[in-house]
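According to TrEMBL, the features are:
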ACT_SITE  519  active site, proton donor/acceptor
BINDING   418, 420  substrate binding site
BINDING   468, 519  divalent metal cation binding site
DOMAIN    68-204  domain 'DUF4396'
DOMAIN    354-577  domain 'SMP-30/Gluconolactonase/LRE-like region'
REGION    268-297  region 'Disordered'
TRANSMEM  31-51  transmembrane segment
TRANSMEM  79-102  transmembrane segment
TRANSMEM  108-128  transmembrane segment
TRANSMEM  140-164  transmembrane segment
TRANSMEM  176-198  transmembrane segment
TRANSMEM  305-327  transmembrane segment
């Protein structure tokens, strides 16, 4: 990653210098290339050298004439605008913790607005007599189909790489910019074919050399058509260029519009006035917009497809985009994360460390991040990475470097305590209870970590040995809490806006089920409470009134936590522990420590909120 950024800075410096000293293109195109190199680094530099950089004065026209180079230059406007909008939105949207597709929608709109209203319309406004809104209208089709293909490449790449680098969600982390750079490259590759097609069919501009800016080098005998006007006596006959060009209202030619384009006299017979008063330029061998620049009032406009065909293209690219989002959503929902505690193991020769683990349900891929402390609970952050409750209190987690960054220790005077079970409410606050690791003394408490990283003890008169089973109901009016040692599940009234709990009362008693204890829990969309019955080998579902709805027998004695996931959150995932399992239990139940998935429950969970700090 360091090499990537070093090469990227060098590439950016060169492109900026060359744009100022050597480029005969418009300022919009130069800015577009600079931004593309900001995101794509040395890859963008290579494309710039191959497709846009003038090799010597007077040679830009000829160098950029091939259609594939025109397609690359045309795409840079779209890619720069779209990627800029997406990057800005991706940096801001996570702060608000949006879900259910709103994050992708905002990123799409930001990219579309930036691409259309800045890089496309501003580039073409001169071609439409300075009429900005006409330029917007005329470039809407090309921007839409191009943007859809860029997004079809960027979104899957962003999501897949986030699963490998959770910390890359934060724009303050270098991994964010590395991830966005790779996503921009993939988006550019996916969008190139449609941009090539648009340019080849004169539906989108290519690389525009500004008139008079590509001055020939002395004594080289080279001249760009834009930079020299020949008198009739100087002009030599050239082969006719077949064109079908719509002209202004009266069918006449303004002086200077094609004065740099020598023709045979009979070539005028191939140029006619459109009866339909169109802004189009039809057919011909001329690569679109290349020699006119569009900035001097030229009336060489792009073609327009018939509305039904244009609509079909837009719909088709939206189908591709939505299919990419759908497939990506399946991948995104297929990974389960959990924390692995350390305790007595069956195999005493196996080294065990605290860890956070991940299983990709779709591919079976597993990954483990060893942790320097015991992780009681964790959650994803809107700023990227994780937040966790560990031995030393609240901290952020850098998975790639197995590093914990302390935030606050709510119980620094209790060395035998650590934080245990926790949940995030829908305002992005982290509720987490502590526990006495010696399992004695009711001096543990419940805490709330706010997004500004301030920590508050809640329910001052409520203490316990070990916290578990924290969950919030769908209406955000209740918070559930499991007193593990006491054998009780309590419910509090919950004020979401104020972040307060009150009116603690017994919700469900497990006293008659001892030694079974309540462990991790969740709530479904109907408000039913699901909890793991550790040492009881069961999963319980309890209705909002505190009545047992169903019991699910597990093939292991110690399920530890439950959460919904998968398609529509209809699969219940269950973790289990191997610690404290006797050899006799192991012989009878050989799967402790495994992850289980329960299907067909007829219940659906909800996505877990992210910590807003």
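Cβ coordinates come from backbone N, Cα and C, glycine included.
Note: TrEMBL annotation is automatic and uncurated.
Here the features listed in TrEMBL are painted onto the structure.
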residue	record	DSSP (3 states)
418	substrate binding site	strand
468	divalent metal cation binding site	strand
519	active site, proton donor/acceptor	strand
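For the pair formed by residue 468 (divalent metal cation binding site) and the residue listed as 'active site, proton donor/acceptor', distance between Cα atoms is given as 5 Å, rounded to the nearest Å. You'll find the Cα of residue 519 (active site, proton donor/acceptor) roughly 10 Å from the Cα of residue 420 (substrate binding site). This prediction places the mean pLDDT of the domain 'SMP-30/Gluconolactonase/LRE-like region' (354-577) at 91.
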